[in-house]
Amino acid sequence: MVVLIAPMDCEGELGERRRGVGMGKTKLDSGWLAARSTEVAATGVQLTTTHPPTGPSAPWMEAVVPGTVLGTLLKNNLVPDPFYGLNNEAVIDIANSGREYYTFWFFTTFECKTTENQHVHLNFRAINYSAEVYLNGHKEILPKGMFRRHSLDVTDILTPSGINMLAVLVHPPDHPGSIPPQGGQGGDHEIGKDVAAHYVEGWDWMTPIRDRNTGIWDEVSVQVTGPVKIIDPHLVSSFFDSFKRAYLHTTVGLENKSSRLAECLLSLQVTTELEGKICLVEHLQSHELQIPPGTHIQYTIPPLFFYKPSLWWPNGMGKQSLYDVEITVDVKGSGESDSWNHHFGFRKIESFIDDVTGGRLFKVNGEPVFIRGGNWILSDGLLRLSKKRYMTDIKFHADMNFNMLRCWGGGIAERPEFYQFCDMYGLLVWQEFWITGDVDGRGVPISNPNGPLDHNLFILCARDTVKLLRNHASLALWVGGNEQIPPKDINTSLKNDLKLHPLFHTAVEGLSDDTKDPSQSLDGTRVYIQGSLWDGFANGKGDFTDGPYEIQNPEDFFRDNFYPYGFNPEVGSIGMPVAATIRATMPSEGWLIPIFSKGSDGYIEEIPNPIWEYHKYIPYSKPGKVHDQIELYGHPKSLDDFCDKAQLVNYVQYRALLEGWTSRMWTKYTGVLIWKTQNPWTGLRGQFYDHLHDQTAGFFGCRCAAEPIHVQLNLASYFVEVVNTTSAGLSNVAVEVSVWGLDGSCPFYNVTEKILVPPKKVVEVVKMKYPNSKNAQPVYFLLLKLFRLSDFSILSRNFYWLHLPGKDFKSLELYRKKRVPLKITSEVLISGQTYEVSMQLKNLSKSSRSLICNKMDNKKEGGENCINLGKSIIGSEEKESSILRRISSGLGFLRSVDTPTMVDINGNDSGVAFFLHFSVHAAKKDHRTYEDTRILPVHYTDNYFSLVPGETMNISITFEVPPGITPRVTLHGWNNHEDHIIV
């Protein structure tokens, strides 16, 4: 069946469909009040009948729901921001206050009036840790467990007027624990006795959360249905004939809430969105069935056949095609009773231990995926979660060219919104259950050798989490725990519940007639691994063989002896943000840079100030192993100087990490996950963007290194390598190699012969001999460009700054004085509060060398240069033109601001414009010294980049501006260190 639906009938992206008057789901996410339970004399019955709070007057205050008690106290300025400076020390810990101090009432009213045959459910998608619910004087108990849903049938207790009063008394975890003076991984480990997040007692990257995240921390909603309610549908895709034939398997839970037999028409519609938001109906089927009164059944719909469906691919491998699946149930005599919809991706994920490397190997749609990704804790330590923040978080990871996120077991079972954006941007997800080696039997002290006290509760929460998340294309595997396996009975239960259906065993294609439909399983479509260090991860045996977690010599990442196992689930390093973030998140005492203490062996020990130490700063040196990487650029003179040099190190460190792993793709490694990609608070380690959403230079080092097609320098062998992670071979390509001195000269230049790069391979191209040449400069720049010989379009560009063995980068200090001329052409497109700024930058300094590909743009837009592959190279004159206007249909840009503008940055020196980066600010006539005027987040197609003489690059910047604010885009660079206003 092929039916076109007009744009107005298509469901919006990640939106919710309303189903008739009074039907559907209404979120209760505003208008809440809260009060400490010890300060409220009224009972829950009285609060929801005769003595409701009248407003935010003591002891009642405006509440954050979804959110936590601490989030509510912060909103009302009753505690200082615990993520600022040392403020967290001023917030009383639950171990000292007692659980009653963080036991809170939450109150709201909502309007809901039913008609005949309608039923109403009050839904809590998660609370922490247990609660008593009062609605219009009636009491219900929400049992314990942080990771379980609660649904209460409240049809018979709604008021005739339709105005309903709701009060919820939320209790903290039963075992909140205490924080030892020395801190530690998970405090005293008592939190592990509950089924809750472990990180809240603090970690080596996180300060303790004082209320242990007590609160109504996830969505609350009121859902109105007819007599029959849809419960937890399960969607599964299966494939045959090399993915030409596909089937959609569907099993739906249906509950008849009425006292009469329900004669139902169950409909399944599958649509896909075409251009212009026109929807194509691919399937529409209906099935008649009867449901006895008061019963809950599982109904399996006959599989729907698809011929060559559009497949969902991980980031960097193809399009993330998503179909909209809608299930509706109509009841005779009542009309539409309930409806459910989900964005679903057709894809097959396989995972097994690779024979060559011993590492775990993932395949998606039959194609091996070289995993380059990161460890994810959660978006915010106070559980201030939102779709907008999730979208930024996940898009940032896609922008870094990552293809997997590991949801660490000491954090949370991530929310559906997180997965929706992973589906959209192509991030595979490793979801761990709530077991950690430090808390569950392997840490010091050993307090929970048998895991949580209530094993049945853990299993219940795990099963409910599977039902909540299993339909997401991005979900790749379940893992029992972090650096530990669950207790034997829990582990056995998870293995049985999540064992692969026969269709998803690697060698199987085809089923016998008596095989159970895969959608009837709890999951069965993705593997379950018992722990993060088992079965193809690290040494596969559970030994602590992940890491390391500190600064490394960049070349060491390329050495054969750096890491011996095929898949490293955790390897971490530094994460210093920019100076503006330090000033925004710490008082002036925190602006002091570390003391550099030089030992007798010549190594430097960094001694950070107490605030940096509290925020878990990782030094840029490792005495006895790694010389201070910041000091290589000259001793830092100020906070700005320190942070600028830290960004240089961040870029080099993380680019080398990923390039080192990729250099051994499939020969030694199957993947790597960096510990960590971000911080859920204002921490100073293991991050590519800070808690305010400003990227470090390490972000763009990763973006460069993780390109699907990439040219790189092996820092150990000094061979130029070409990486091809795609399924298509590269032919008729070559690499341009140019070396640039600090004096602006180009002392070395070469274009390789035509090269061939097979799919999924790394090829050594040519050895860099310049460092061994007679007149090699102590510090030099290297530019590598992989390009097509047919049209000279650039497939990959990689810029290095290097020094000869035994030397350092201190001469770059003098290079700061160079003034390199730039020309910047910009155009601004605006839609509402969203800006897209397209810029073209050109290094105007003169050079005797004309490069083959002197115009670099990220999307292959713009002009070409004429070349001759012989000894002489003739470059065409670059045409001065504005960047072509890019209209984004997704953002719907409506207008351009005036005409393209040009800004010249004057300079009389010739050379590389080094380490340029943009930032976006609120334009203010008067602002305080060091006031943080940044507009965040901002999405850049590139940043922290360099331009050789004559080179041109296109950059696009996208951001939202708060109402009433005029944005200003500025450019800063190593040798353009004044903030130049571009837009």
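Including glycine, each Cβ sits where the backbone N, Cα and C put it.
TrEMBL does not curate its annotations; it predicts them automatically.
The annotation domain 'Beta-mannosidase-like galactose-binding' is assigned in TrEMBL to 57-217.
The domain 'Glycoside hydrolase family 2 immunoglobulin-like beta-sandwich' annotation in TrEMBL covers 229-347.
For 361-491, the entry in TrEMBL reads domain 'Glycoside hydrolase family 2 catalytic'.
According to DSSP, the secondary structure content of the domain 'Exo-beta-D-glucosaminidase Ig-fold' (900-975) in residues is 0 helix, 37 strand, 39 coil. Marked as domain 'Exo-beta-D-glucosaminidase Ig-fold' by TrEMBL: 900-975.
Segment contact holds for the domain 'Beta-mannosidase-like galactose-binding' (57-217) and the domain 'Glycoside hydrolase family 2 catalytic' (361-491), given three or more CB pairs below 8 angstroms at sequence separation of 6 or more. In the predicted model, the domain 'Glycoside hydrolase family 2 immunoglobulin-like beta-sandwich' (229-347) shows an average pLDDT of 96. The DSSP breakdown of the domain 'Glycoside hydrolase family 2 catalytic' (361-491), given as helix, strand and coil counts, is 42 helix, 29 strand, 60 coil.
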